[in-house]
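> The structure follows.
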Amino acid sequence: MPEQPKKVADRYLKQEVLGQGTYGVVFKATDTKTEQTVAIKKIRLGKQREGVNITALREIKMLKELKHPHIILLIDAFPHKENLHLVFEFMETDLEAVIRDSNIFLSPADIKSYLLMTFKGLAYCHDKWVLHRDMKPNNLLIGVDGQLKLADFGLARIFGSPNRKFTHQVFARWYRAPELLFGAKQYGAAVDVWAVACIFAELLLRRPFLQGNSDIDQLSKIFAAFGTPKADQWPDLTKLPDYVEYQFVPAPSLRSLFPAVSDDALDLLSKMFTYDPKARISIKQALEHRYFTSAPAPTDPAKLPKPVPKQDGKSSYGKHEAITVQSPPRKLRRVMPERGRVDSLKSHVDKDQQAPMSLDFTILAERPPNRPTITSADRSHLKRKLDLEFQ
């Protein structure tokens, strides 16, 4: 006999589980008042019922203020049985599932459509002085109508205040800008732009672009793709807290990494992957780039291809040939700094990994990747009274 739906706080009829994470579970439900299908994120509150972890508190605060067609709608929030429930509009899938599905052919017009929706949502955030700080394909949700929406604002912050410092341990590593990997604590919207550039590349390649297995290795992947930055490219590089000098590696042509893309797409990618965050194109400027006005026109979201649900949950990554960048000779790969600087940099490598003394410059791995999560971000809990009033 199938499991009977369970009611949550009387109004919502819980159905199947959609996913699980560190803090709780997301499940599909029906709003018995409106008959609307919704997604409910259940988050453990902890010992004090009035308390809430800081990530959930920030997400509620941000989403109550951000209202846009390409940002997920938070419908309701309520505590129930020592859990906090966040009620969102139901979204059918996410961009990661689209990229992974080898049965889906993504045309240049399809890719442009997904990027246009992503850029519009992020531009709205930046107009409101909000950094997302966790841009990645599985945080870009797609509805039954094909509309893409930014989700997961737990790491979002208000920016723009002079001298305000943030943690540099944000974003999943593969989407982390080089200034963050070098320990920058004062940064702005450019970090989101770099992450979206990585998503752009992932849509083109149908696999993650820069797959580092530590912060040091992530930098090696970036330098292999774009060359070691020079002083005239990034004047403030040596001032960053965790700066370490690397042996110069020449950049391959961007065309060699993306051989099939249009000149306009390649030009936009190069501007988004600019090393110096002060010179990196803004998301608003990116929306005005000729890539979005040149042919082909973006696909109507309602006509975008959708992934077929996989019963075994296996990834289709790893079925394509890897694109690699030739490494320089091992002894020239990195200039070894003083011992103290090495120890400083090692402190940013995951505890269960050793800082590699030689670096692998492969851009795309052959094996199915283990997608990293933000394990090093501040996960402390704050006990606060929670405003759950919705207009």
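Just so you know, glycine gets a Cβ as well, placed from its N, Cα and C.
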> Would you mind telling me which one of THR167, THR293, THR299 Swiss-Prot calls phosphothreonine?
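That would be THR167, per the phosphothreonine annotation in Swiss-Prot.
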> Labelled phosphoserine in Swiss-Prot - which residue from SER161, SER327 would that be?
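When Swiss-Prot is consulted, phosphoserine appears for SER161.
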> From the list TYR12, TYR23, TYR291, pick out the residue that Swiss-Prot labels phosphotyrosine.
TYR23
> With H, G and I counted as helix, E and B as strand and the rest as coil, say where DSSP puts TYR23 (phosphotyrosine).
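Coil, per DSSP.
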> Return the residues near LEU18 (ATP binding site), defined as same-chain residues 6+ apart in sequence whose C-beta is under 8 angstroms from its C-beta, sorted by sequence, else 'none'.
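Spatial neighbours, sequence-distant, of LEU18 (ATP binding site): VAL26, PHE27, LYS28, ALA39.
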> Are there residues of the same chain, six or more positions away from GLY24 (ATP binding site), whose CB falls under 8 angstroms from its CB, and which are they?
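Those within reach of GLY24 (ATP binding site), by Cβ under 8 Å and sequence separation of 6 or more, are LYS41, LYS42, ILE43, ARG44, ASN83.
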> Let me know how many other Cβ atoms fall within 10 Å of the Cβ of TYR23 (phosphotyrosine).
18
